[in-house]
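Taken verbatim from Swiss-Prot:
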type	residues	note
TRANSMEM	34-54	transmembrane segment
TRANSMEM	78-99	transmembrane segment
BINDING	H84, H183	heme b b562 binding site
BINDING	H98, H197	heme b b566 binding site
TRANSMEM	114-134	transmembrane segment
TRANSMEM	179-199	transmembrane segment
BINDING	H202	ubiquinone binding site
TRANSMEM	227-247	transmembrane segment
TRANSMEM	289-309	transmembrane segment
TRANSMEM	321-341	transmembrane segment
TRANSMEM	348-368	transmembrane segment
Amino acid sequence: MAIFIRKTHPLLKIMNHALVDLPAPSNISLWWNFGSLLGLCLIIQILTGLFLAMHYTADVSMAFSSVVHICRDVNYGWLIRNIHANGASLFFICVYLHIARGLYYGSYLYKETWNIGVILLFLLMATAFVGYVLPWGQMSFWGATVITNLLSAFPYIGNTLVQWIWGGFSVDNATLTRFFAFHFLLPFLILALTIIHLLFLHETGSNNPLGINSDADKISFHPYFSYKDLLGFFVMIFFLTTLALFMPNLLGDAENFIPANPLVTPPHIKPEWYFLFAYAILRSIPNKLGGVLALLFSIFILMLVPLLHTSKQRSNIFRPLTQIFFWLLVANSIILTWIGGQPVEQPFITVGQVASISYFSLFLIIMPFASWCENKILSLN
């Protein structure tokens with residue numbers, strides 16, 4: 001009887017088609033685990049964030065103290081806060097690995113799914129940015145000041161736009177209050193878009209490592225991949241709890257233990273590690289507007305990837321030339337992340353500029369050209 005309810009009940013039927021009887025390619029590897037891991041990350045972040053919001057006060061005179069209160073006086077508040085802060089880092093690790101898998105195996109050819117994914121990345125970055133401002137430490141305040149100030153680069157409307165976002169003439173109480181509102185609201189928008197992301201994915205079915213049609217060889221999602229995902233859940237929770245319990249401040253900035261002071265500028269203003277690659281690209285261009293446009297394009301360039309696909313094969317698995325350039329792109333992104341955390345001086349300036357040019361060249365010119373060359377080599381045989 002339970003089987004029939006699962007397949008006939010209007011609500012359970014949707015869940016059944018998405019999680020139980022979903023036809024999945026039999027050869028999808030460990031790299032396909034990250035979608036479900038991102039779902040788990042989102043649930044963890046929403047739940048821990050909800051408990052933090054119960055004790056947090058969005059006021060410049062009390063924000064820092066309320067975070068201290070959470071860590072000292074609230075039952076397991078220190079744990080909730082550490083899981084939330086490090087959960088964000090793990091979220092971005094999973095996102096970047098998920099995107100890398102999509103680029104390597106050609107999953108971007110599901111254009112609707114891919115483009116919604118890019119919008120999700122942008123929303124995730126916005127959520128993380130406004131969330132980083134909430135503890136109201138030195139790096140929170142100055143990070144908010146520097147990054148929001150970039151909008152002043154836009155001609156004519158720039159200054160008005162910045163003051164509109166600030167809610168005044170500087171980052172102050174109005175800014176903190178609205179950033180808290182955005183930080184509370186955006187995860188639910190991410191949740192809604194995730195459902196649409198899955199909806200489009202289930203219209204086409206999952207890609208597979210070979211990048212070929214797998215309709216002839218599908219197996220049900222449960223029990224095969226549900227248990228495989230469960231293993232991933234346990235591994236990720238192990239890493240998250242290890243990080244939160246033993247090294248909670250490893251990925252944070254020491255400056256944020258100092259309450260925000262508008263009169264004292266930190267020696268080196270930098271965002272969290274997951275934004276450093278984009279921050280390095282921003283800093284590598286001497287022009288302010290050019291830097292802002294490059295920063296935005298460093299993320300939205302992912303939307304051009306399906307249009308720049310010139311290969312006759314979908315996956316990179318049998319394309320050694322493109323594989324080399326893919327791993328060069330990965331190495332280049334790691335170099336950009338490192339450069340973003342360094343002071344603005346030689347040789348870091350030059351390395352950052354070379355890495356930024358390489359980043360865009362690999363996406364726009366080198367990888368499409370490598371694919372075209374591979375097509376020519378294949379046609380010779």
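Cβ atoms here come from the backbone N, Cα and C positions, even for glycine.
Ranking 78-99, 289-309, 321-341, 348-368 by CB pairs under 8 A with the transmembrane segment (227-247) puts 78-99 at the top. Its Cβ taken as reference, H197 (heme b b566 binding site) is surrounded by 21 other Cβ atoms within 10 Å in the chains shown. Sequence-distant neighbours of H202 (ubiquinone binding site) (same chain, 6+ apart, CB under 8 A from its CB) are H17, A18, L22. Separation of the C-alpha atoms of H98 (heme b b566 binding site) and H183 (heme b b562 binding site): 23 Å, rounded to the nearest whole number. For the transmembrane segment (348-368), the neighbouring stretch richest in Cβ pairs under 8 Å, chosen from 78-99, 179-199, 289-309, 321-341, is 321-341.
Listed as Cβ neighbours of the transmembrane segment (289-309) (distance under 8 Å, sequence separation of 6 or more from its ends, same chain) are residues 99, 103, 106, 108-109, 111, 114-115, 118, 121-122, 125, 150-151, 153-155, 277-279, 281-283, 356, 359-360, 363-364, 367-368, 371. The secondary structure of H84 (heme b b562 binding site), as reduced to three states from DSSP, is helical. Residues 18, 38-39, 42, 45-46, 49, 53, 56, 58, 113, 116-117, 119-120, 123-124, 126-127, 130-131, 133-134, 144 of the same chain lie 6+ residues outside the transmembrane segment (179-199) yet bring a C-beta within less than 8 angstroms of a C-beta in it. With pairs at least 6 apart in sequence, the transmembrane segment (321-341) and the transmembrane segment (78-99) have fewer than 3 Cβ pairs within the 8 Å limit; the two do not touch.
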